[in-house]
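A.B. asks: Provided herewith is a single structure, encoded as structure tokens, for subsequent inquiry.
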Amino acid sequence: MVLFDALFIGVAVVALWFGADQFVTGAARIARRLGVPGLVVGLTVVAFGTSAPEFAVTLDAALAGQTDISVANVVGSNVLNLGFVLGGVALVQALATSRTLVRRDSLLLVATTALLLGLVADGRLGRVEGALLFAGLVAYLLYLARKGSERMAPDGDRPFHWPDAGRLVVGLGLVVGGGHLLVLSAVDIAQTVGVSEWVVGITVVAAGTSLPEFATSMAAARQGRTGISAGNLVGSCIFNVLGVLGLAAVVQPLPVTPVGVEGTAWLLGTVVLVTVLFYTDAALSRLEGGLLAALNAANWLANLL
């Protein structure tokens, strides 16, 4: 059984990488043809697509009564996105930051994470709190849609091509399917070893559901589309807190253990650190990326031990 799970993990990783490349290529081409800024695409279409595995796993776990996995998946995934993924991408290529990313989106992520910590401090995320988070996502999407429409400048010489949409859809399908297969296999292996739901959620499950973000961000960085790369990570984290955890709590109220509150506090600290690093320079340097990756690795190992 473990051997088959390991084989499935290999297949899932291949699907994630290929799907991510197709998804980013399709999204970037559509954006270029329609005149939509790359950052807006990264914060909406790409971020939503790569958050789909988190949503599927978190909702499934909530409905199954495995609430520790639900909360740990979102918290762990965001920590990995901002630590290992963002840091790892910066190690490969320094990430340029825009005024919009720094002044609007990273600050919004700080606010939403601080709000989440306040809501779970009493040990529970109920339906009302979940609805509040999800309403915040709706407001954010409406704002982005309005700003994006104001900045659109279609290029009449470059008409929309349906094959680009096909790339986006096929890529998204491979990313979601690969992420789901990887999580199922990894969780099966972890449960065979015999560890707690929180440890499984914040390490194995979070790592599995963060692979789409890692794959799409690395693909975007390799193609020189750093706006999509950085925007995807920040946007995905916002989606995870407001959309994934918010909707899961609406469907099934989520008890939050003390270790879950502590994990959320660590996440807030990571978000604040990333925002400070964004403010200090026009780009996230390789040194800063290494710092984020090292802190994330230490936290990940601490949860395992």
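Glycine too: its Cβ is placed from the backbone N, Cα and C atoms.
So TrEMBL lists the following for this protein:
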- 6-24: transmembrane segment (TRANSMEM)
- 7-144: domain 'Sodium/calcium exchanger membrane region' (DOMAIN)
- 36-59: transmembrane segment (TRANSMEM)
- 79-98: transmembrane segment (TRANSMEM)
- 105-121: transmembrane segment (TRANSMEM)
- 127-145: transmembrane segment (TRANSMEM)
- 165-186: transmembrane segment (TRANSMEM)
- 168-295: domain 'Sodium/calcium exchanger membrane region' (DOMAIN)
- 198-221: transmembrane segment (TRANSMEM)
- 233-251: transmembrane segment (TRANSMEM)
- 263-280: transmembrane segment (TRANSMEM)
A.B. asks: With Cβ distances under 8 Å as the criterion, find the stretch in 6-24, 79-98, 127-145, 233-251 that has the most pairs with the transmembrane segment (105-121).
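C.D. replies: Ranked by Cβ pairs under 8 Å, first place goes to 233-251.
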A.B. asks: Provide the three-state DSSP residue tally for the domain 'Sodium/calcium exchanger membrane region' (168-295): helix first, then strand, then coil.
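C.D. replies: In the domain 'Sodium/calcium exchanger membrane region' (168-295), the DSSP-based counts are 111 helix, 4 strand, 13 coil.
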A.B. asks: Give the nonlocal contacts of the transmembrane segment (233-251) in its own chain as ranges (CB under 8 Å, at least six residues past its ends).
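C.D. replies: Sequence-remote neighbours of the transmembrane segment (233-251) are 42-44, 46-48, 50-51, 54-55, 58-59, 62-63, 70-71, 74, 77-78, 81-82, 85-86, 89, 101, 105-106, 108-109, 112-113, 116, 125-127, 129-134, 136-137, 140, 213, 217, 271.
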A.B. asks: Okay, the transmembrane segment (127-145) and the transmembrane segment (198-221): do they have at least three CB pairs under 8 Å, pairs separated by 6 or more?
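C.D. replies: No, the stretches stay apart by this measure.
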A.B. asks: Where, among 6-24, 79-98, 127-145, 263-280, do we find the most CB pairs under 8 A to the transmembrane segment (165-186)?
C.D. replies: 6-24
A.B. asks: Can you work out whether the transmembrane segment (263-280) touches the transmembrane segment (79-98), with the criterion being 3+ CB pairs under 8 Å where the paired residues are 6 or more apart along the chain?
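C.D. replies: These two stretches do touch.
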